[in-house]
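What follows is a set of notes on a single structure, which appears directly below.
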Amino acid sequence: MVTSSTTILSDLGTQLIIPVCAIIGIIFSLVQWYLVSKVKLSLDSKSEGGENKNVFNESLIEEEEGVNDHNVVKKCADIQNAISEGATSFLFTEYQYVGVFMVAFAVLIFVFLGSVKGFSTSTQQCTYDTTKQCKPALFTAVFSTISFILGAITSVISGFLGMKIATYANARTTLEARKGVGKAFIVAFRSGAVMGFLLAANGLLVLYITINLFKIYYGDDWEGLFEAITGYGLGGSSMALFGRVGGGIYTKAADVGADLVGKVERNIPEDDPRNPAVIADNVGDNVGDIAGMGSDLFGSYAESSCAALVVASISSFGNTHDFTAMMYPLLISSVGILVCLLTTLFATDFFEVKTVKEIEPALKNQLIISTFLMTLGIALISWIALPYSFTIFNFGVQKEVKNWELFLCVSVGLWAGLIIGFITEYYTSNAYSPVRDVADSCRTGAATNVIFGLALGYKSVIIPIFAIAISIFVSFSFAAMYGVAVAALGMLSTIATGLAIDAYGPISDNAGGIAEMAGMSHRIRERTDALDAAGNTTAAIGKGFAIGSAALVSLALFGAFVSRAEITTVDVLTPKVFIGLLVGAMLPYWFSAMTMKSVGSAALKMVEEVRRQFNTIPGIMEGTAKPDYATCVKISTDASIKEMIPPGALVMLTPLIVGIFFGVETLSGVLAGSLVSGVQIAISASNTGGAWDNAKKYIEAGASEHARTLGPKGSDPHKAAVIGDTVGDPLKDTSGPSLNILIKLMAVESLVFAPFFATHGGLLFKIF
């Protein structure tokens, strides 16, 4: 066995590096927030002299705008407050329901895991080293429950903070757009960075503190310690499921209602203040794309870390108690925070965005720069934190691995993420031919638009799947399931940058809506639309990352589950496994059907309400009467809370029902089936929806001769594009992004309950 003395980095160094990097990330996010807060949303006309006067003058609207500055700023502030209140109200309502679920599920974890050894408080023989005694199963149940609650709370806080930051920044982005597109870009991007760094740093810090606190009790029993830590990933992902599904239903119900009645029936522009659903639509951008995405990527990070730690704890790192090597996954995340910090400065300080054409390259460069720098960071950490040679647990045997092989595993995941990001961009950006072909198909109506869009989505799956397949093959060949887990971590190592460019999109979208509602000029709206178009593409890239990492995370969790459930082989030819495969492959379809129908039901209520207001409130269309925004916000909130429960129950109950009644072999088939079909559907749904959205924006912008032949707004091709976008909305913002949580959550839940399923599961097969 290799001893810990062979690592260059000492245990004390590791104990310092991880929390210091996390704290640096938090400080950096606070600095970015402070810089955003310098854009004032209230004008003090009494301010005299010096600095305040300069701030006042600098923020004055350009003369040719012809709008009173005080009125514009006040309108922007009022609209932002309405959006913020709507988003906060929804999240608090959602968290009340989710809180009840969290308590109930925590009790379930304790009861199920405690009953494995009959709630015994005596020590037990260790699973992988039978010469040693490990801590009682009852205490593993207690600590698993605690880590589940910690993961759930961290996930909820991540989503909530992200939403608060986004609603704080949207009107400020609108006001900065008066000075130029570059100033607005920096505010939107910095706000996204606040969310990205807070989430990455908080996730790392809470996990690190949890491990160290648990270590006080567990001592040398690292097998039990990291078994208990898996609850952290389960907590993170279970909250993300409800955040993603609930937020996705909310945002799309409002969006579809606003588009169908406003744009298609009444022929008024997007985000027009006369549309009763417009505030609900802007609220939806925050609760779905910000709070939901934040919780989702936090869940991926927590699960990939937990999967790597579980496998490492039963390898040479755990056997020799090599703390530095054991913390390798957390060290990768720590370096990732520093790399992303440096990368962010390229967008905000080193190079300035001055024109519309520079926006998308600036965002893409974030991905490229962070990937190159992170490769160097991984090489450094692999060199100083790992012994030259060590063993990794591989389905019952220990496989010898070199530190450079582990470096390749992490790197292949990192670069696969970049490839998935760029392929997603190619299929969803209107700068390339696939989306332009979809826009062109609108000439002959909505039907051909839908056909072309679906074909594009299916085709866009090919290269990402090859990228995921190659990264799985390479990482598994070098370091078995541990290699796959760290490959997933590699893909998520630049999570702070990924979230920054992802959160930038909804902030820019809201900024455009506020500009329209505040009555700002066409020129300001053009600038915010340019920011939003780039944000649409980056949102699709973020979803690509989330889905790709989910595939790797799920496989790593699947491997850990198979090891903990003590299954030697998963034989597809046995009926128990094959029926599981079939059912597992069906689940993403069932889940998608539920979420899409939920969007349809909620949107139907919204459409009826918007039509009612247009028909019964005199003066709305003339702009002399104010619509009842609050009723639309309430309809979206109530519908999404009610509709998120059945899809959530499907995901959470399936592993429990299959494990208890059919046993671990059938459950392993279900996990494999849901992983294989879920990834394909998720990628195609997200890209189809993204392509339809950008095809519509391509026609609306009319930036090229080709686009102008399809426009203007209100033309038949444009109406066909709006219908395509409306069909794509639930695909790209509800079903697609939620599917990656389905495949991760079922895998991590199975891993947490594996000892119970292995001991008491398969009741039906025992009876017959």
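Each residue, glycine too, has its Cβ placed from N, Cα and C.
The transmembrane segment feature in TrEMBL is assigned to 16-36 (among others). Packing against the transmembrane segment (16-36) from elsewhere in the chain are residues 9, 165, 168-169, 172, 187, 190-191, 193-198, 200-202, 204-205, 208-209, 327, 330-331, 334-335, 337-338, 341, 344, 496: each is 6 or more residues past its ends and has a CB under 8 Å from a CB in it.
For the transmembrane segment (97-116), the residues of the chain that approach it from at least six positions outside its boundaries are 137-138, 140-142, 144-145, 148-149, 152, 156, 231, 234-235, 238-239, 242, 641, 645, 648, 652, 752-753, 755-756, 759-760, judged by C-beta separation under 8 angstroms. Annotation comment: TrEMBL describes 97-116 (among others) as transmembrane segment.
Here TrEMBL flags 136-163 (among others) as transmembrane segment.
What TrEMBL lists as transmembrane segment is 184-211 (among others).
Per TrEMBL, transmembrane segment is recorded for 326-347 (among others).
Long-range contacts of the transmembrane segment (367-386) within its own chain (CB-CB distance under 8 A, at least 6 residues past either end) are made by residues 7-9, 14, 324-325, 327-328, 331-332, 335-336, 338-340, 342-343, 346, 403-404, 406-407, 410-411, 414-415, 417-418, 421-422, 490, 493-494, 497-498, 501, 541. The transmembrane segment annotation in TrEMBL covers 367-386 (among others).
Look at TrEMBL and you will find 406-428 (among others) tagged as transmembrane segment.
Panel annotation: around the transmembrane segment (449-474), residues 408-409, 412-413, 416, 419-420, 423-424, 427, 434-435, 437-438, 441-442, 483-484, 487, 544, 547-548, 551-552, 555, 679-680, 683-685, 687-689, 691-692, 695, 720-721, 723-724, 727-728, 731 of the same chain, lying at least six beyond its termini, place a Cβ under 8 Å from a Cβ of the stretch. The annotation transmembrane segment is assigned in TrEMBL to 449-474 (among others).
Taken from TrEMBL, the feature transmembrane segment applies to 480-501 (among others).
Per TrEMBL, the feature transmembrane segment maps to 545-565 (among others). With a cut-off of 8 Å between Cβ atoms, the residues of this chain six or more beyond the transmembrane segment (545-565) that come close are 127, 227, 230, 233, 293, 296-297, 300, 303-304, 306-308, 310-311, 314, 393, 395, 413, 416-417, 420-421, 464, 467-468, 471-472, 475, 480-482, 484-485, 487-488, 491-492, 498, 664, 667-668, 671-672, 675, 679, 682-683, 686, 736-737, 739-741, 743-744, 747-748, 750-751, 754-755, 757-758.
According to TrEMBL, the transmembrane segment annotation covers 577-596 (among others).
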Candidates 184-211, 326-347, 406-428, 577-596; stretch with most C-beta pairs under 8 Å toward the transmembrane segment (136-163): 184-211
Positions whose Cβ lies under 8 angstroms from the transmembrane segment (326-347), at least six residues beyond its ends: 14, 17-18, 21-22, 24-25, 28, 32, 186, 189, 193, 196-197, 200-201, 203-204, 207-208, 222, 301, 304-305, 308-309, 312-313, 317-318, 353, 362-363, 365-366, 369-370, 373-374, 377-378, 380-382, 385-386, 406, 410, 485-486, 489-490, 492-497, 500
